[in-house]
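Colleague: Below is one structure. I have some questions about it.
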Amino acid sequence: MTYTISWLGALLVVLPTVIQGRAITQINGLLMFPVLLLGPSVTGIVLTGMLDGREGLRELFSRIGHWRVNVRWYAAILIPPVLVLAVLFSLHALLSSSFSPHLNPKGILYGIVPGFLEEIGWMGFAFPRMQRGRSVLSAGLLLGLLWGIWHLPVIDFLGAAYPHGMFWLSFALSFIVAMMAIRLLIVWVYSHTQSILLAQLIHISSTGSLVVFSPLFITPAQEALWYGIYAGTLWLAVALIIVCDSKHLVYESP
């Protein structure tokens, strides 16, 4: 249902342009984002209401408002921006000044709406059901893959190097792999706190930092490179989390 609403809606946005035989522009791509976001949020709320009734909706929104957790879990919000900056400053020092981070504080706005709306569906509805009979890790990997692929209609409009041309595939794969790692980070925190709010804040931090710090003058090849290294760095952090908390992530299941 999420894919149907999001992808069909995105298609309808660009359909007039395609019918007229014109190329899809970056403006068209940006217009697809609001429609894409309706998929997870609408699906999460509607299906929760259909399957669990008012009590389910009440419980869903209580998890969205759940903020009283140990302060250490809020530290996870800092992981994405710290790693983004570490990768970009390293590439700036080792390869080229083109990788120098840009500072665009308004970019955080691009994280707030997706982070708030998407997690209603991903962690509010999908993850608890996907975890039935699965470990936290396996459910998180599956959801992360689905989440990454969900971005495909707009993936060429992400980052600063539109269009990515011959580097589209490498950029797309790097992006999806990075999103899988971010999803595991979110799942790890959520499984310990049951806080959708924290999931939303980590999502906001992840998406926002990519926009806030993304280099402005960068080629598609350079963008595919730094996203690939960022994805690898995220997975190193996630691997450390898995090793340190393997009992909970790997062996426990509901």
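Each Cβ is built from the backbone N, Cα and C atoms, and glycine gets one as well.
Nobody curates TrEMBL annotations by hand; they come from automatic prediction.
Sharing the features that TrEMBL gives for it:
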type	residues	note
DOMAIN	107-205	domain 'CAAX prenyl protease 2/Lysostaphin resistance protein A-like'
TRANSMEM	31-51	transmembrane segment
TRANSMEM	71-95	transmembrane segment
TRANSMEM	107-127	transmembrane segment
TRANSMEM	139-162	transmembrane segment
TRANSMEM	168-190	transmembrane segment
TRANSMEM	197-218	transmembrane segment
TRANSMEM	224-244	transmembrane segment
Colleague: Verify whether three or more Cβ pairs under 8 angstroms connect the transmembrane segment (224-244) with the transmembrane segment (168-190), leaving out any pair fewer than 6 apart in sequence.
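Modeller: By the criterion, they touch.
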Colleague: Could you check if the transmembrane segment (107-127) is in contact with the transmembrane segment (139-162), meaning 3+ Cβ pairs under 8 Å among residue pairs at least 6 apart in sequence?
Modeller: yes
Colleague: Please indicate, using numbers and ranges, the residues of the same chain that are 6 or more beyond the transmembrane segment (224-244) and have a C-beta under 8 Å from a C-beta there.
Modeller: 79-80, 83-84, 86-88, 91, 99, 137, 159, 164, 167, 170-171, 173-175, 177-178, 181-182, 184-185, 188, 215, 218, 250
Colleague: Okay, the transmembrane segment (139-162) and the transmembrane segment (31-51): do they have at least three CB pairs under 8 Å, pairs separated by 6 or more?
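Modeller: Answer yes, regions in contact.
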Colleague: Who are the long-range neighbours of the transmembrane segment (197-218) in its own chain, taking Cβ under 8 Å and residues 6 or more past its ends?
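Modeller: Same-chain contacts beyond the flanks: 63-67, 69, 73-74, 76-81, 84-85, 88, 98-105, 107-112, 114-116, 118-119, 122-123, 158-161, 182, 185-186, 189-190, 226.
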Colleague: Give me the DSSP three-state residue breakdown of the domain 'CAAX prenyl protease 2/Lysostaphin resistance protein A-like' (107-205), ordered helix, strand, coil.
Modeller: 84 helix, 0 strand, 15 coil
